[in-house]
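Notes follow the structure.
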Amino acid sequence: MAAQAAPAEELSKLSVDETKPAPAPANGNDSDAESGDEEAEEGAAAPAAGAAKKKKKRKPKKKKKAPTSQSEPPRVLVSQLFPNKQYPKGEEVEYVNDNLNRVTNEEKRHLDNLNQEFLTDYRHAAEVHRQVRQWAQKSIKPGQTLTEIAENIEDSVRALTGHSGLEEGDALIAGMGFPTGLSINHCAAHYTPNAGNKMVLQEDDVMKVDFGVHVNGRIVDSAFTVAFNPRYDPLLEAVKAATNAGIKEAGIDVRVGDIGAAIQEVMESYEVEINGQMLPVKSIRNLSGHTINHYSIHGTKSVPIVKSNDQTKMEEGDVFAIETFGSTGNGYVHEEGEVSHYAKRGDAAKVDLRLSSAKSLLNVITKNFGTLPFCRRYIDRLGQDKYLLGLNNLVSQGIVEAYPPLVDKKGSYTAQYEHTILLRPTVKEVISRGDDF
């Protein structure tokens, strides 16, 4: 700590005491004594002058300005960019038909105002997702490994939420809502690299980038597709348009089967030419959108992406992931390949585990992920090793759900776009909407 300068009145009291006789010099020489007196006076004056100089105030250090924009790669806390917690709203869309009056209905407006903490958490998570994905869309290039791409996205999400997830329970406060899916070509979903994966993104690949961000368990689920060859543009356009058709159709009291019909009609109006062959774009009929619950990515309601007789209605307060998948293949996926995605089941029955590694791993999963999906890389970064036997035991006991990759026929190409919507009492809010899509 720097020494504090003496006040002016204290400086004026500093003087040489002339009445006090100087001690006799050791050699008894009077002239030396007189000389000593003079030197003493000069010496005493010197500190006074020095103190006077210290009187000058030091210039205060300039305070570092709070950041006003995001860095590249993203590392600035989103809460610092919005210190008043007024995070951007998503796209607000008025309800139609019988629900048109909800916008001005006082009772509905009051209910909406009761949900401010819920909306703040969701908008916070959505802004993190927007900033990370917009950077990812610019930075992802052929030649990168999938591990590098996944870790770049995940490190950015953790930095922007301010939760690294390395301390016990930290990942449950905010961070990844689920692992970064990087599914290539005929693989439509649920693929993320495990440790040691050396797969490299190629110039002619079509890659789905699907990741979630949560704040206090409010999960934003949004996905986009990356392709570098313009021949795939019609495929991407078909899926993006189909997702937007589903979002437009969605609303309170709308039947999910009707939404599926609207999605399929738009999706299958497109064709894509690959290697001189015109291929129809098909909705992948056994994939669907879904509700999102607190700390749970998959709720009980589904939104088909083909015409269906499902009469289930969307309701006020529901949170939906509207996602569509288009394919140049069969339009049907099956499970194939090494598992990377897992989640602890919220409805799992209590089981007496006999395997000690399973007991130990379950404790790690519960304290760090709860019911949020995780992948093997997330367990690795917590310092766990030799856990596969225990993990497989938890899956076989029905405590943990495994999500294998979902693939169409080899040689086909698939694309995905997805947004999260909130069916608020007054309006539909496309919470994850951005300038990019």
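Backbone N, Cα and C define each Cβ position, glycine as well.
The annotation region 'Disordered' is assigned in TrEMBL to 1-92.
The compositional bias 'Basic and acidic residues' annotation in TrEMBL covers 10-20.
Residues annotated as compositional bias 'Acidic residues' in TrEMBL: 31-42.
Per TrEMBL, the feature compositional bias 'Basic residues' maps to 52-66.
Residues or ranges marked as domain 'Peptidase M24' in TrEMBL: 122-337.
The Cβ of His190 (substrate binding site) lies under 8 Å from the Cβ of Gly181, Ser183, Ser340, His341, Tyr403, Pro404, Pro405, Leu406, each on the same chain and at least six residues away in sequence. Annotation comment: TrEMBL describes His190, His298 as substrate binding site.
Counting only same-chain residues at least 6 apart in sequence, those with a Cβ under 8 Å from the Cβ of Asp221 (divalent metal cation 1 binding site) are Gly177, Phe178, Asp210, Gly212, Ile292, Ile297, Ala321, Glu323, Glu418, Thr420, Ser432. What TrEMBL records for Asp210, Asp221, Glu418 is divalent metal cation 1 binding site.
The annotation divalent metal cation 2 binding site is assigned in TrEMBL to Asp221, His290, Glu323, Glu418.
In this structure, the C-alpha atom of His290 (divalent metal cation 2 binding site) lies 6 angstrom from that of His298 (substrate binding site). Less than 8 angstroms from the CB of His298 (substrate binding site) sit His290, Thr291, Ile292, each of them six or more residues away in the same chain. Of the listed binding-site residues, namely Glu323, Glu418, the sparsest CB environment within 10 A is found at Glu418. Of all the binding-site residues listed (Asp210, His290), Asp210 sits in the most crowded Cβ setting, with the most other Cβ atoms within 10 Å.
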